[in-house]
Amino acid sequence: MVSLATRKSLPKVKAMDFITSTAILPLLFSCLGVFGLFRLLQWVRGKAYLRNAVVVITGATSGLGKECAKVFYAAGAKLVLCGRNGGALEELIRELTASHATKVQTHKPYLVTFDLTDSGAIVAAAAEILQCFGYVDILVNNAGISYRGTIMDTTVDVDKRVMETNYFGPVALTKALLPSMIKRRQGHIVAISSIQGKISIPFRSAYAASKHATQAFFDCLRAEMEQYEIEVTVISPGYIHTNLSVNAVTADGSRYGVMDTTTAQGRSPVEVAQDVLAAVGKKKKDVILADLLPSLAVYLRTLAPGLFFSLMASRARKERKSKNS
C-alpha cells in the first residue's frame, strides 16, 4: 500500500524526470550539432589544403600510388608523379587528363623518372622536382617493394635491396627536399608505411624491418620538424588488393610471382587512396588503415607480448607446414 507521503512525492518525481529529459535532449542534440559542424569544417579545410598544393608521389605507376595520383588530381593538386617507368608515367598522365569528372580546376601533372635505389639519381631527381613548380607542399613517399622468405635462406643482398627501396630511398628523397620546405616554413611529408611497421610476422623479415625503420625515422622527423611547422604523417595500411605480393622478392632475389590469399582479400586500393587523401587533408600524425584483427594485434604486441609471440610462432609453424605439404 502506497503511503500518503509517497503519493505526494510522485508528482515531484515526474516533474523532475520531465525537466531532466527536456534539458538533456537539447544538450545532446547541441553536442551532435557541434560535432557535425566540426567535422564539416575539417572536411572543408582539408579540401582547401589540397587544392593547388604541389604534391609529389613516388611509385605512382601502379597500385596504391596510382590511385593516390587519381584522388589528389581530382582534389585539384598540382602533381609531380615519380617512378622508374617513364612510359607508364606518361600513360598515367594521359589517363588523368582525359578525365572530365572533376569538380575543381585541375593541373597537368609533371613526371620525373628515377630509381629510388640510386642515391645519385635521387639528388638529381629532387632538383628536377623543384624545377617543376619551384617548391613542394606535400611529398608522398609511396614507392616500395615486398618480400617473402625465411631469414636463414635470405641473402644479405636481398635485405639491402629491400632496405634501399623501402627505407634509404625515401629517406634520401625526403632529406633532399626538406631544405626547401624549411626555407618556406611550410611542407608536409607523408610516409606510406605498413601495419608491419608496427608488428612483425614470420617470413617477412626484410619487409618488416624496412617498415619498422620507416616508422622510427619519420616519428623522429615529426618531432624535429615541429619548429619549422612542417607536418609529418605516417600511414600504415594492412593488406591491399594490389600486385605487391606478386612483385615481391624472395630469399634469392627472384620474383615471388604469387598473389597471396591475404592480399587478394585485401582492401581496394581506391578506398585506401581516399583514406590517405583524408588523412593528409586533416594533417593526421599517425594512421592505421587495417582491418580489425591486424589493428588489435598492434595493441596485443604491447599489452600482452607473450601471447602475441605465441601466435606468431603458431603462424610460422602453419605456414611452414603448408609449404612442406
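Glycine residues also receive a Cβ, built from the backbone N, Cα and C atoms like all the rest.
Among the candidates Thr233, Thr242, the residue that Swiss-Prot names alongside Ser62, Leu64, Tyr207, Lys211 for the NAD(+) site is Thr242. Note on Swiss-Prot: of 18-38, 291-311, the range annotated with the feature transmembrane segment is 18-38. Cβ neighbour count for Thr242 (NAD(+) binding site): 22 (other Cβ atoms within 10 Å of its Cβ, all protein chains included). Ranked by how many other Cβ atoms sit within 10 Å of their Cβ, the binding-site residues Ser62, Ser194 place Ser62 at the bottom.
Taking Cα separation as the measure, Ser194 (substrate binding site) is nearest to Lys211 of the binding-site residues Ser62, Leu64, Tyr207, Lys211, Thr242. Residues listed for NAD(+), Ser62, Leu64, Tyr207, Lys211, Thr242, cover a largest CA to CA span of 20 Å.
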